[in-house]
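Database features, via TrEMBL:
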- H6: active site, nucleophile (ACT_SITE)
- H253: active site, proton donor/acceptor (ACT_SITE)
- K8, K255: substrate binding site (BINDING)
- S278: site 'Interaction with DNA' (SITE)
Amino acid sequence: MFGTHHSKMMLLAYREGLRVVIHTANLIPKDWDQKTQGVWVSPLFPAKSSVTPSKSETVVNGGKETGFKQDLLEYLKAYGGRGLEEWKQRISDHDLSAARVRLIASVPGAHTGGEMNKWGHLKLRKVLSTCSSLPCGATPSDWPVIGQFSSVGSLGPAPSQWLTSEWLTSLSSSSSSSASSSKKPRTLTTQHKMPPLKLIFPSVENVRTSLEGYMAGGSIPYAANTAAKQPYLRDFLHQWRAEETGRTRAAPHVKTYMRVSPDQREAAWILITSCNLSKAAWGALEKKGSQLKIRSYEIGVLFLPSDQETSAGHTSFSVATMHPHGPGAGSSSVPGMGMRLVTPFDLPLTPYTREDQPWVWNARHMKPDSKGNVWTPP
């Protein structure tokens, strides 16, 4: 009863091949009109019959196999039944090696054993602890984790119960030079010093002044009774600002997570996903850590420097971090790749003011919005 099918994905078949699209917008007009969303469009994957032996899936990757195809098939298998057999076969018949992203998904269930590391935040933990490293000399506890989302679930009465313990442990994981030399990946645990956590969630004022006014808040479901039980969350919150991309007034429905350097000029990784900030989406450890309980279907793509064809040993993406009102704010570029990653929000982040409060969708807001309306939910 607390879960949902929240994934947003398209599988597109062409005469010339197959394309996968993973996005954050629902298939309703208002989600594609005046909101900020994220969309990843894959390359056109050719049929395996058209790939020469010298360019097979195992060879073309040059040792950089991301496991995208296997993970996608595992995800579709989790639905059960036979309704997706045609699409699973299509995927099997195509070469998906050109995908330079990792698939991070969630499927409902109480996952145990090896299944725990296939889904949710433990899948992200596994990938980061083996495939993501910070630049040489970096102090892990100085590299903040940024989370941006459009909904918040019940996280517990204290941040240490989930937010800054198991969840932040996963998003703080990375391999280290010492660990790689011994061939054993190191994962940050709660015994290590945690990095700063910075969260982005629209304030009441962000919603009020948005292009849609208070109506945008209907797609930002944070309940007042839930917010009242976790007032600590406000200490982590920052406003939604996107002046560089001209989207400050386009309310966010995108969900973005990333690890940045202290000066916010580098990013170790970036994840675009359907996951909001909730246990239902990411999963929560139960029974003394022996199982991961997930309630929702979710899907997203993780960008790692090491997975890019021309990374040349880079351990981070470069990030432009000019003043939020200046050119270049919030932009990420990967040197030498002919590729540009743009963060949906401005860097550096804008903290809440003393007057700001996080948006809750079932409370009254009587100050007129950008349309001249007030918000009086039943």
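Note: Cβ is positioned from N, Cα and C throughout, glycine not excepted.
All TrEMBL annotations are machine predictions without curation.
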K8 (substrate binding site) to H253 (active site, proton donor/acceptor) - Cα separation in whole Å: 12
Residues satisfying Cβ distance under 8 Å from the residue listed as 'active site, nucleophile', sequence separation of at least 6: S274, C275, N276, A281, S296, Y297, E298
CB contacts for K255 (substrate binding site) [other CB atoms within 10 A, all chains]: 26
H253 (active site, proton donor/acceptor), number of other Cβ atoms within 10 Å: 25
Under 8 Å by Cβ from S278 (site 'Interaction with DNA'), same chain, sequence gap 6 or more: S151, V152, G153, S154, L155, S296
